[in-house]
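Below is one structure, written out as structure tokens, with a few remarks after it.
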Amino acid sequence: MSQRQTKLTQNPLEKIWIPSMSSKLYRRRGSSVPQFTNSPTMIVMVGLPARGKTYISKKLTRYLNWIGVPTKVFNVGQYRRDATQSYKSYEFFRPDNQEAMKIRKACAIAALKDVCAYFMQEQGQVAVFDATNTTIERREVILSFAKENGYKIFFIESLCDDPEIIAENIKQVKLSSPDYAGCDKEEAVADFLKRIECYKVTYISLNDEKDRSLSYIKIFNVGSRYLVNRVQDHIQSRIVYYLMNIHVAPRFIYLTRHGESELNLVGRIGGDSGLSPRGNKFASALGGYIRSQCIRDLKVWTSHMKRTIQTAEGLGVPYEQWKALNEIDAGVCEEMTYEEIQDHYPEEFALRDQNKYRYRYPKGESYEDLVQRLEPVIMELERQENVLVVCHQAVMRCLLAYFLDKSAAELPYLKCPLHTVLKLTPVAYGCKVESIFLNIEAVNTHRDKPVNVDVDREPEEALLTVPDHI
Amino acid sequence: MNSNEDVMMATSPRELTQNPLKKIWMPCKNGLPEKHISQRRVCMTNCPTLIVTVGLPARGKTYISKKLTRYLNWIGVPTKEFNVGQYRRECVKIYKSFEFFRPDNEEGLKIRRQCALTALNDVRQYLSVERGQVAVFDATNTTRQRRGTITRFAEQNGFKVFFVESVCEDPDVIAENIVQVKLGSPDYIDCNTEEVVEDFMKRIKCYENSYQPLDEVLDRDLSYIKIMDVGRRYLVNQVQDHVQSRIVYYLMNIHITPRSIYLCRHGESDHNVKGRIGGDSGLSGRGKEFAKCLEKFIQEQNIKDLKVWTSQMKRTIQTAEAVAVPYEQWKALNEIDAGVCEEMMYEEIQGHFPQEFALRDQDKYRYRYPKGESYEDLVQRLEPVIMELERQENVLVICHQAVMRCLLAYFLDKSAEELPYLKCPLHTVLKLTPVAYGCKVESVFLNVEAVNTHRDRPEWDWKKSIRMFHWTYSSFRFTRSFSFLLCNESLDNWNPVQW
């Protein structure tokens, strides 16, 4: 029974309390949410070509990275393209093509080696192994590899027999593949269909009986049905929940900030002020723009803060208020100007410039906290179809970073100016963005990272990038 | 609404007013809040949902029904369960034997069908009239015919249907089930264990022949989850909306492995001693004593693979450090944010913000501190913690008074009215052990004195409340006639204004 009275110190950047001496007890770097994975996890895709494996791999990776779980995709097709000179035809994939088989297996092994390196040297937590993995033999190789190295495995199998979905898939992502550069459309489709046939011959789906000790999810026909077997831990549970909420129905997501507010005008951050006259004009303009878009069944979401609600009121349609969409809490710096923050808390101001993503305001939040807070919003955005989100600068940056796969370093500096609507359209493996400025002037609230981020810098150096205000 | 073309052209946005209790901005006209579609939280579903359990006896249907109901109510979705077996017990006063359930017992079949219909009637009452959002129809529902009746009933009334089927062939699980919940059933008062088991097994047999599980092909248009072998495997089909998605996620995270959850607050803090709320102070001398006693207590409990969770506030972390077990910090476990009242004493709050203080006493669950949070916000914030607690096994959660009240309310199925007044004194560990359909609670005071931080619901002073309302609403520029109305309400008709 130890007599320890450990002293705690508060890490100045994230405001996390940690023991002064290195304590064996507090193992992890502080963050808003406990990190739940102990051993690295390999997610292994299974399925015939054109079943959405790469789509799922990329989307899942994007989601996991956004919530703070370092994840990387290993697309074996990419390794194959790097290994072979150029793709000639489906004949490469014929099951009796010995030469090609050797190359393909070597590519898979190379990818597995890189997975290992990712976990060991790059502190990765999840690796998504994106390939067809349609034979028992191939899956065995992967399972042995994982067992040797102490990695958990979770299979994601996508099954689809709807010819329309497959055709659409081929159109969206195969025609533009490097394999078919310079090919006529019909030729490409014909070749690809023959490629699928090559795999069908040897395809063995995950079996409910034989594979009952494996952890996996089977997705049928783009999500109308799921079979989930032996979820082992927290991260697999989150992955399953995410996969069950995403869909491929075409839709639009509109992101915008509230109209210019009274506090925006005077360069003050946070608070709960109302719209300025120009902000009100924006609210009307937004209504006009939305009506012109003729969107089917549009949902409108706001935060609980007056300025977003006033903006939504201008639309004349029902809206839902989410507390989770509230602006980042600046704690003791609420309603201050940057000049005042520099004046009262120069050290805090510098720390923020050093690591804007992890920096937590005293008695406030960090961007990292914001992401955790916004996760249910993202989950519901995935479930929904056409949505307009009226929110705030930091919040919009976080949401945008999710859709555009921006890193934690880039996120806090994404440009989200007032009176500008971003229209996001999911397309192929990513998101198309259109930026629409509604032609009503507003102050600029974007503060770039200054050159000098040292704690002992001069005030002028700190305030160099502060945008103009009254 | 199909397109926004039909919408009236809003000339200028409506005035907003902030509801004094919940601090929610709402449109108003002439200073009065307007009836408005804007909701304060995510829309779970547009129409009521009927959850229908399916499965042979002793497959955990009632366990799932009760747990799911408890969870949905806690997150704010009004839910009620309707156990057809209960209706049957009320109809047939005394249970004689399994013979009642024989498929050739015409009399029995008639009664059972009647009970199901009565229960469905009550479901209709709850969902359509009493504004419930989810009803859980707990019965075997093992035939396609019965399920068809229910589906038609739901269609007629505009309810969505979601089936939850539990399939299990593991004899050990079934036996344990019978021991845990059937032995104590009203059906088997005055029976010994062997008699119960024997009769119940015969009862199960009565259902087996006519059991038609949900079929992948025949039932492909239904929305359902099939739970196999107590959660080893799930088949999920056609999830329609948000609430069904949440239900599936919840069902996939719960388990029945025996375990204990320990809840306690941090040791007494310096602020506690001074009577200040919130803040981020360290432990007092007695608080440190408590931390040491907590370590001893935990050691004596000899818990397998104990996980320890704290908030990110100094006082819980200091407490965990003394327990000498690795711990995880959750920001979600931080104490309720008292906004402008942070670090004040109750007397100071009364002095500076008397109307806020009164509003809080009127509806402590929904009351939000200015620039702070409400208990209702806290529950939303804690939902991922509860979800992870369901996944885990032995856990010790070192948290704070308001947070502990929310967690406790979840485990003990306390209402929103009771929640903010649950007693969670310092230096006391609550050990929760799931048993049968609920939770056993043991309260262990670790014998280190501490201040009392519990503030009871004050006696309701109606005269003072009327003055408070008048003051509050006139200060938000409500019309005189409205406040006149309030003041002249006869005492008998007085109802606190609910937003």
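Glycine too: its Cβ is placed from the backbone N, Cα and C atoms.
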Additional site residue, B:ARG232, B:ARG233, B:ARG315 [criterion: listed by TrEMBL with B:ARG265, B:HIS266, B:GLY267, B:GLU268, B:SER269, B:ASP270, B:HIS271, B:ASN272 for substrate]
B:ARG315
The mean pLDDT across the domain '6-phosphofructo-2-kinase' (B:44-258) is 94
Here the recorded positions are B:ARG265, B:HIS266, B:HIS271, B:ARG315; which one has the lowest number of other Cβ atoms no more than 10 Å from its Cβ?
B:HIS271
For the recorded substrate site formed by B:ARG265, B:HIS266, B:GLY267, B:GLU268, B:SER269, B:ASP270, B:HIS271, B:ASN272, B:ARG315, which further same-chain residues have Cβ atoms within 8 Å of the site's Cβ center?
B:VAL273, B:SER281, B:GLY282, B:LEU283, B:SER284, B:GLY287, B:LEU426
Any idea what the Cα distance is from B:ARG315 (substrate binding site) over to B:HIS266 (active site, tele-phosphohistidine intermediate), rounded to a whole Å?
6
Counting across all protein chains, other CB atoms within 10 angstroms of the CB of B:GLU335 (active site, proton donor/acceptor) number 24
If you skip the near sequence neighbours and keep only those at least six away, which residues in the chain come within under 8 angstroms of B:GLY267 (substrate binding site), Cβ to Cβ?
B:LEU283, B:SER284, B:ARG286, B:GLY287, B:LYS288, B:GLU289, B:PHE290, B:ALA291, B:LEU294, B:ARG315, B:GLN318, B:THR319, B:LEU426, B:HIS427, B:VAL448, B:ALA450
Report, in whole Å, the straight Cα-to-Cα distance of B:GLU335 (active site, proton donor/acceptor) from B:SER269 (substrate binding site).
13
